[in-house]
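Structure record follows, encoded as structure tokens.
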Amino acid sequence: MDEEAPLVDDKPVEIPKKNHARDVHILSSAFLLVFLAYGAVQNLESTLNTEEDLGTTSLGILYVSFTFFSLVASMVVRGLGSKNALVLGTTGYWLFLAANLKPSWYTMVPASVYLGFAASIIWVGQGTYLTSTARSHARDYNLHEGTVIGKFNGEFWGLFASHQFVGNLISLALLSDGTEGSTSSTTLLYVVFLCSMTLGTILMCFLTKKTDEGESRQPDSSVSFYSNVVSLSKSVINPLFDVRMLLVIPLIAYSGLQQAFVWAEFTKDIVTPALGESGVGGAMAVYGAFDAICSLAAGRLTSGPKSITLIVSGGAFIQAIVFLWLLLAYRLTSGVLGIMYPLLMAAILGIGDGVFNTQLSALLGILFKHDMEGAFAQLKVWQSASIAVVFFLSPYISLKAMLVIMLAALCISYAGFLFLTLKVERAFSSSSL
């Protein structure tokens with residue numbers, strides 16, 4: 001007699017693994033659509049909104065607001081969840097771009113202040129979401145966590161960095177008839193960019209909502225205002241008592257300085273005299289292209305503290321060469337070399353930016369597993385503060401003085417970073433014994 005088949009199968013049901021790479025593709029593409037518009041408009045602010053320095057002042061206000069709101073961004077992201085923070089954050093960029101359709105002190109200043117808030121939560125949300133996704137992917141597929149974090153950061157920053165290339169090409173195409181200041185051409189450009197931002201916002205809605213890495217914690221309505229203030233104070237102040245954070249803060253600040261140097265000083269004092277105002281878009285496109293390529297390559301080469309040390313060392317070295325070249329040897333020349341030198345410098349500076357973006361995000365994700373929101377909030381606090389300093393100082397100091405500041409900041413930050421990596425490597429080695 002045949003044995004009856006069991007009514008219940010004792011074999012464990014295999015839960016299908018989530019496709020975490022899909023979320024990285026969506027996140028990267030959404031940021032590209034949003035920032036190809038914002039990045040190009042930021043580059044044009046000082047050119048188009050020249051009355052009473054409205055454009056430059058708006059950017060200064062934006063980054064001061066960004067710095068302030070970054071102090072509270074970690075609490076906001078914890079409360080909203082990183083996906084909701086990302087979607088809400090895009091509204092600030094949309095409003096800022098819309099304000100440029102009718103630029104005045106009454107439209108640009110409020111939009112800049114709100115964008116500071118929106119930027120703080122979108123970037124803390126991005127760092128938290130991407131690192132959480134990488135951890136989930138490594139856990140589900142039994143992969144090395146540091147390698148996955150590096151790979152995912154490489155893809156994100158590679159696609160993100162290409163926004164400078166794509167956005168500046170769109171600006172070049174729509175403003176190529178020499179009517180850069182005309183209402184019709186700039187209005188068309190802003191409408192195209194608003195459509196791009198809208199698509200990016202819609203795309204973010206398709207991200208998977210994360211329920212791990214602390215995002216499942218919902219705010220309790222019974223918690224008092226005092227408790228919320230104490231929690232906020234801890235998220236802002238506690239990282240500053242961590243020696244690892246204190247050692248990495250100078251490099252974070254330098255990463256903001258080198259970005260602002262390109263936007264405020266390099267384009268004005270190096271590119272414009274050599275290539276003219278029309279050449280700024282081309283130089284920034286080269287900068288963005290090499291930034292994107294380097295981000296992809298650096299991300300794939302990242303596997304842990306040792307690889308991060310080597311990659312950051314390379315980025316710091318090549319940027320130091322550019323600063324020394326500008327300080328000691330560069331002279332404005334005519335002919336082919338006069339065109340090639342600024343483009344070569346743009347490429348090298350783009351490579352350095354790609355290194356710092358990918359490696360800082362990977363390093364914070366590896367070192368601060370238990371407080372990612374706080375760690376990425378510190379990243380944006382110090383980056384945005386250093387960017388604001390450059391925008392406000394730029395009209396009052398010479399290029400040579402700025403180069404000396406850049407070299408000093410690079411040396412100090414790199415020394416602190418080396419000390420940190422030696423400390424981390426020693427801890428890794430002792431834990432593996």
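Placement of Cβ uses the backbone N, Cα and C atoms for every residue, glycine included.
Keep in mind that TrEMBL annotations are predicted by a computer and have not been checked by a curator.
Taken from TrEMBL as is:
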type	residues	note
TRANSMEM	24-41	transmembrane segment
TRANSMEM	61-77	transmembrane segment
TRANSMEM	113-135	transmembrane segment
TRANSMEM	156-175	transmembrane segment
TRANSMEM	187-207	transmembrane segment
TRANSMEM	243-264	transmembrane segment
TRANSMEM	308-328	transmembrane segment
TRANSMEM	340-367	transmembrane segment
TRANSMEM	379-397	transmembrane segment
TRANSMEM	403-422	transmembrane segment
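Within the chain carrying the transmembrane segment (61-77), a Cβ under 8 angstroms from the stretch's Cβ atoms is held by residues 85, 96, 109, 112-117, 119-121, 123-125, 128, 228, 231-232, 235-236, 371, 373-374, 376-377, 380-381, 384-385, 387-388, 391, all 6 or more beyond its ends. Counting Cβ pairs under 8 Å that are 6 or more residues apart, the transmembrane segment (379-397) and the transmembrane segment (308-328) reach fewer than 3 and are not in contact. Here the transmembrane segment (340-367) touches the transmembrane segment (113-135). Their Cβ atoms form 3 or more pairs under 8 Å, with each pair 6 or more residues apart. The stretch in 113-135, 243-264, 308-328 that contributes the largest number of Cβ pairs under 8 Å to the transmembrane segment (403-422) is 243-264.
Outside the transmembrane segment (243-264), and at least 6 residues removed from its termini, the chain residues within Cβ reach (under 8 Å) are 42-43, 287, 312, 319, 346, 349, 352-353, 356-357, 360, 363-364, 367-368, 375, 378-379, 382-387, 389-391, 394, 402, 405-406, 409-410, 412-414, 416-417, 419-420, 423-424.
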